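Enquirer: Okay, handing you the structure first.
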Amino acid sequence: MARLGVNIDHVATLRQARGGTEPDPVAAAAIAEFAGADGITIHLREDRRHIQDRDLKILRQTVQTRLNLEMAATDEMVAIALSVKPEACTLVPEKRAELTTEGGLDVRIHQEALKLAIEKLQAGGIIVSLFIDPDPDQIKVANKIGADYIEIHTGSFAEAKSWKEEELELIKIENAVKLARKLDLGVNAGHGLNYNNVKKVAAIGGIEEFNIGHSIMSRAILVGLDRAVRDMSELVRYA
């Protein structure tokens, strides 16, 4: 049975739009956990456009499930992670001009820097995942440099323009899961998943956790966060 990690970045985005104190991502995390979330995911970006250092520090004290910190593999972020000690860190690519994370890490090009970050984080007792496209070469290098997990970038599947294209992307994801499992890598997935498409990916099997944010927060505006999390949790667990 797969787990659901709820990404609360968009709660912080709404707060930062006015530069005030509400809505508070810390409160949203508590509601999500009460509703059945298995973990809370946040992305502390270098430009601090949504989640702030204050959020991370308080969430480390209040999250009762598990805290997953998405971050760039920079010296600053590694130092922050080692001081806060989330259960897991997911290393992601980061561009200041992007609206959200676009595509997976190119582990082949950046393997030396990623390997160093992985080693430092693991030495601090933190589980490390790499956010990558469902590409066999990327998975093999992720394993080579010592990652504990991969998180499969499901954006191409979510943005497929036709049934045929969607099926091809599902096959890529399924093959990626099989390869990762063969290499003893844990597997998570996320990006672009919503209430209409997540069951197709969850039905593949072998994916331990789905990290979902935008779709849950969009639904929460209409039905409330508790209901939105419960509905997504049911889809993920019983696909």
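In case you wondered, yes, glycine gets a Cβ from its N, Cα and C as well.
According to Swiss-Prot:
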- ASP9, HIS10, ARG45, HIS50, THR100: 1-deoxy-D-xylulose 5-phosphate binding site (BINDING)
- HIS43: active site, proton acceptor (ACT_SITE)
- GLU70: active site, proton acceptor (ACT_SITE)
- GLU151: site 'Transition state stabilizer' (SITE)
- HIS191: active site, proton donor (ACT_SITE)
Enquirer: Neighbour count, 10 Å Cβ-Cβ cut-off, for HIS50 (1-deoxy-D-xylulose 5-phosphate binding site): what number do you get?
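Expert: I get 21 for this one.
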Enquirer: Considering only the recorded positions HIS43, GLU151, HIS191, which fall within 10 Å of HIS50 (1-deoxy-D-xylulose 5-phosphate binding site) when distances are taken between Cα atoms?
Expert: HIS43
Enquirer: Using a 10 Å cut-off, grab the number of neighbouring Cβ atoms around the Cβ of GLU151 (site 'Transition state stabilizer'), all chains included.
Expert: 31
Enquirer: Between HIS10 (1-deoxy-D-xylulose 5-phosphate binding site) and GLU151 (site 'Transition state stabilizer'), what C-alpha distance do you get in Å?
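Expert: About 20 Å separates the two Cα atoms.
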Enquirer: Whole-number Å only: compute the distance from the Cα of GLU151 (site 'Transition state stabilizer') to the Cα of HIS191 (active site, proton donor).
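Expert: That comes out at 10 Å between the alpha carbons.
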Enquirer: Give the residue from the active-site residues HIS43, HIS191 that has the most other Cβ atoms within 10 Å of its Cβ, counting over every protein chain displayed.
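Expert: The residue with the densest Cβ neighbourhood is HIS191.
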Enquirer: Across all the protein chains here, work out how many other Cβ atoms are within 10 Å of the Cβ of HIS10 (1-deoxy-D-xylulose 5-phosphate binding site).
Expert: 21
Enquirer: If you count the other Cβ atoms within 10 Å of each Cβ, which of the recorded positions ASP9, GLU70 comes out on top?
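Expert: Comparing the recorded positions ASP9, GLU70, the most crowded Cβ belongs to GLU70.
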Enquirer: Where HIS43 (active site, proton acceptor) and GLU70 (active site, proton acceptor) are concerned, what is their Cα separation in Å, rounded?
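Expert: It is 4 Å, counting Cα to Cα.
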Enquirer: What whole-number Å value do you get for the CA-CA distance of ARG45 (1-deoxy-D-xylulose 5-phosphate binding site) and HIS191 (active site, proton donor)?
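Expert: The separation of the Cα atoms works out to 16 Å.
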